[in-house]
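Taken from TrEMBL as is:
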DOMAIN    8-137  domain 'Cytidyltransferase-like'
BINDING   T12, F13, H20, G92, L93, R94, E102, H127, Q128, F129, I130, A131, S132, K133  ATP binding site
BINDING   T12, K44, L77, R91  substrate binding site
SITE      H20  site 'Transition state stabilizer'
Amino acid sequence: MNREIVGLYPGTFDPIHLGHFDIIRRAARLMDRLVIGVAINAGKGPLFTLEERVEMVEQEVAGFEGQVEVRPFEGLLMHFAEEVGARAIIRGLRAVSDFEYEMQMVGMNLRLNADIETVFLMASDSHQFIASKLIKEIGTLGGDVKPFLSPAVAKRLSNKIESR
């Protein structure tokens with residue numbers, strides 16, 4: 001039996017940055033199909049609306065020609081993973097602090113559905129320090145965010161900050 005291997009890469013992507021894109025690119029090589037789940041996470045107080053975040057992610061992954069799908073989701077990650085037929089949850093790790101949090105999540109997720117594995121991908125050296133929260137702070141304080149974002153996302157962030 002040859003089942004399609006579907007991976008799910010969840011996140012808030014507020015905004016999507018080069019570190020996210022690096023994980024997406026690498027995860028897409030491992031999976032037959034990759035679903036990027038853009039989370040509705042009001043608790044994080046996103047700068048961009050859900051629609052804007054989905055649109056930015058779709059634009060960034062347009063070159064993957066059908067292998068990568070972008071979908072918004074709300075609620076329990078494992079319910080969404082089941083809905084899209086995921087066999088693996090993809091998580092990027094930047095530091096030991098990420099690992100500690102993610103290990104807790106793995107334990108809970110396995111209790112919810114033991115058939116869905118979590119796959120950790122270490123951030124590439126050049127992306128280990130990148131975080132959306134820090135990028136937004138740099139942009140808000142007038143710093144240059146271009147080294148961390150694609151040109152299109154950098155422009156959207158600049159426009160969003162100026163319009164506030």
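Here the Cβ of each residue, glycine as well, is placed from N, Cα and C on the backbone.
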Can you tell me how many other Cβ atoms are located within 10 Å of the Cβ belonging to I130 (ATP binding site)? 20
Same-chain residues at least 6 apart in sequence with Cβ under 8 Å of the Cβ of L77 (substrate binding site), in sequence order, are L8, P10, G37, I89, N109
Inter-residue C-alpha distance, E102 (ATP binding site) and R91 (substrate binding site) (nearest angstrom): 8
Residues of the domain 'Cytidyltransferase-like' (8-137) by DSSP state, where helix covers H, G and I: 64 helix, 29 strand, 37 coil
For a quick check of packing: other C-beta atoms within 10 Å of the C-beta of T12 (ATP binding site), how many? 21
Let's check the environment of K44 (substrate binding site): how many other CB atoms sit within 10 Å of its CB? 12
Between R91 (substrate binding site) and H20 (ATP binding site), the C-alpha gap once rounded to whole angstrom: 10
Let me make sure I understand the span of the substrate site: among T12, K44, L77, R91, what is the greatest distance between any two Cα atoms, in Å? 18
Cα distance (Å, whole number) from K44 (substrate binding site) to I130 (ATP binding site): 17
In sequence order, which same-chain residues at least six apart have a C-beta under 8 angstroms from H20 (ATP binding site)? G11, F13, G92
Listed binding-site residues among T12, Q128, S132 whose Cα sits within 10 Å of K44 (substrate binding site): T12
When the number of other CB atoms within 10 A of each residue's CB is tallied over all shown chains, which of the binding-site residues Q128, S132 has the maximum? S132
